[in-house]
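Student: Sharing the features that TrEMBL gives for it:
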- 1-33: region 'Disordered' (REGION)
- 51-72: transmembrane segment (TRANSMEM)
- 160-177: transmembrane segment (TRANSMEM)
- 183-201: transmembrane segment (TRANSMEM)
- 242-261: transmembrane segment (TRANSMEM)
- 313-331: transmembrane segment (TRANSMEM)
- 351-369: transmembrane segment (TRANSMEM)
- 421-440: transmembrane segment (TRANSMEM)
- 488-510: transmembrane segment (TRANSMEM)
- 522-541: transmembrane segment (TRANSMEM)
Amino acid sequence: MAKEEGSPVELCQRKKQKTAGSQEARAEKISKTPVPERAPKYVSCQRFAKIFIGCLAAVISGMMHVFYLSAYHERKFWFSNRQELEREITFQGDSAVYYSYYKDMLKAPSFERGVYELTHNNRTVSLKTINAVQQMSLYPELIASVLYQATGSNEMIEPVYFYIGIVFGLQGIYVTALFVTSWLMSGTWLAGMLTVAWFLINRVDTTRIEYSIPLRENWALPYFACQVAALTGYLKRNLNTYAERFCYLLMSASTYTFMMAWEYSHYVLFLQAVSLLLLDVFAEEQGDKVYEVYKIYIFSLFLGYLLQFENPALLVSPLLSLVGSLMLIKCLQLNGKKGTFVAKVIKVFKFYLVCTLPLTLNLIMKTFVPHKENEHVLKFLEVKFGLNVTKNFTLNWLLCQESLQAPSQDFFLRLTQSSLLPFYILVLIICLLSMTQVIFRRINGKSQKETVTLEDGRIGERPEIIYHVIHTLILGSLSMLMEGLKFIWTPYVCMLAAFGVCSPELWMTLLKWLRLRTVHPILLALILSMAVPTIIGLSLWKEFFPRLITELTELQEFYDPDTVELMTWIKRQAPVAAVFAGSPQLMGVIKLCTGWMVTSLPLYSDDDLLRRNENIYQIYSKRSAEDIYKILTSYKANYLIVEDAICNEMGTTRGCRVKDLLDVANGHVVCDEGDKLTYSKYGRFCHEVKINYSPYVNYFTRVYWNRSYFVYKVNTVISFQS
């Protein structure tokens, strides 16, 4: 009886098995039920519409940025209502020098003749023939002059408007490239819109276009942004052949153009190469693509070397040493079976080669390639990082420049007020933690997925994300040391922060860590990726849009009557063969506005020009009239211009005034304990020469003055009558 009916436990187990079996049957039935799929035509149309709207938004964003820059520039300088001389005065320092060569190219009888005169230029700096194209990277001016004449624009638009229009157009491309990069990373063009909004609101820290239009970085960084966008697409997984080929070609063209437009571009590319090296360590499957990028570097370096008149700075650059060493290590094909002792030894040997071979190769190149262009850069870095101490005027003057000092608190405050910095830090932390998680998974022997889905929540496995995180960390670290690098780093911050808040995958990564059970994580990630950027956009619109409109409607005035009067006097009274001496910044303006020869230029890539600048600055030191006279006549100077703003400078940082730096270099003050004080029996030259007493009047005769400038003729016949 008991056997026939069975025990209650057995009946319960049978019931459970029956229930489980029925559930499996239902699940199998559901899985076999065909799920209605969207027609391929509908999917392709939807994808095309998404891409079309995104591209349209990117182009419109770039165009709106161009229109904004143009309107702001007009309101700030009243450009259309000014005479040519007043317009040219708005170009200050090295910007004036760049634009002056653009004018020279337009005045040349032919393009070939203009290029020859620039490459054998002896009409700018006295007693010196320079290759201006090589030393100042004047390829943008050459191209601009060709376009101006070839398109017939000389009959429709003035040269200055054409020049400014090209630079503003490149800024539009810059913004569009940032838009596309953020879009590629997040998968939504909403991230691109937010990137552009943050870029425009924080433009004080993202670009210097408002203050110095012809700067090399304003020509070069748009191409670098295009290169980064192409590299982002190239590093993506599961990319089809045509898209990969397009990204590679765009990356090649933009890398080479970037290198030709800026003399310091190879340093920026070196930082990018280091980021790619670390990417190769984190994501080994991307090794082949990384080395294809290295080939682009090498090709661009050697082609640039040839077209930049065999520029030795490119051969001794750290970029060539690093990439050449990595390519050599790759050719050795040092591999071993994973997990074996031999494989571990090979990894250690590879690490040793990566650390030592680039330095060795760089030393070899510097031994056999004569170079002087970058010596001052290395000396500056030694002093900047505390490896050396110097009294040299030039190095200390460079250290005192705002762009080469650590960023101020106002910089971080501005980024925080626009909500950019907090979201950037949030995105960076999530990406770094996810990357760390991936590293531990690899250490534990777990393989990575070829395709990371949204449900996985592993943002740190995507190679393009790994690259951008590493690159922004390197740029950010250097920006904390030198504020000038913020103009490369801050656009990156805008792009990365916008990508993060608009990326469902990033929110999914965070939600998987939190393990929420009340709401489905995928649904919540999608909601957050739409809601958070929308809230940010509305808050930015409410707070900053009225300010932008006010900037465009508010009339500003830039007027420098003293400089206008000085330039007018030079053009009317000074002989055509006259040579002027003064501060390098003023000499750049004189070169542009008058065309007269000068003794120095505001350029810091040539050792001889740096020595000239230091010698001419002695007019603000405690030196005798005879010493100053000997310095000026050694450069064949006919006129000396003393600027009251430098002579009576009341800087906030006392040790960074020009006269203070000169006193330190000349030993007229005690800087450190143990230094000897050299007493000078002479007063400060720029003060004493204004009093018009002997012996100053014997060497110099005042011929013109106004509130800001005092012009003295250097006497050729010296009278020693008291």
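Placement of Cβ uses the backbone N, Cα and C atoms for every residue, glycine included.
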Student: Please identify the stretch among 51-72, 183-201, 421-440 with the greatest number of Cβ pairs below 8 Å relative to the transmembrane segment (488-510).
Tutor: 183-201
Student: Residues of the same chain, at least six outside the transmembrane segment (421-440), with any C-beta under 8 angstroms of its C-beta?
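Tutor: Non-local partners: 282, 412, 415, 448, 458-461, 465-466, 469, 472-473, 493, 496-497, 499-501, 506, 509-510, 513, 536.
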Student: Where among 160-177, 313-331, 351-369, 522-541 do we find the most Cβ pairs under 8 Å to the transmembrane segment (183-201)?
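Tutor: Against the transmembrane segment (183-201), the leading stretch is 522-541.
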Student: Within the same chain, where does the transmembrane segment (522-541) have neighbours whose Cβ lies under 8 angstroms from its own Cβ atoms, ignoring anything closer than 6 residues to its ends? I mean 6 or more beyond.
Tutor: 186, 188, 190-191, 193-194, 197-198, 201, 418-419, 423, 454-455, 498, 501-508, 511, 516
Student: Which residues, given as numbers and ranges, are at least 6 beyond the ends of the transmembrane segment (351-369) yet have a Cβ under 8 Å from it?
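Tutor: Apart from its flanks, the transmembrane segment (351-369) reaches 277, 312, 315-316, 318, 320-322, 324-326, 328-329.
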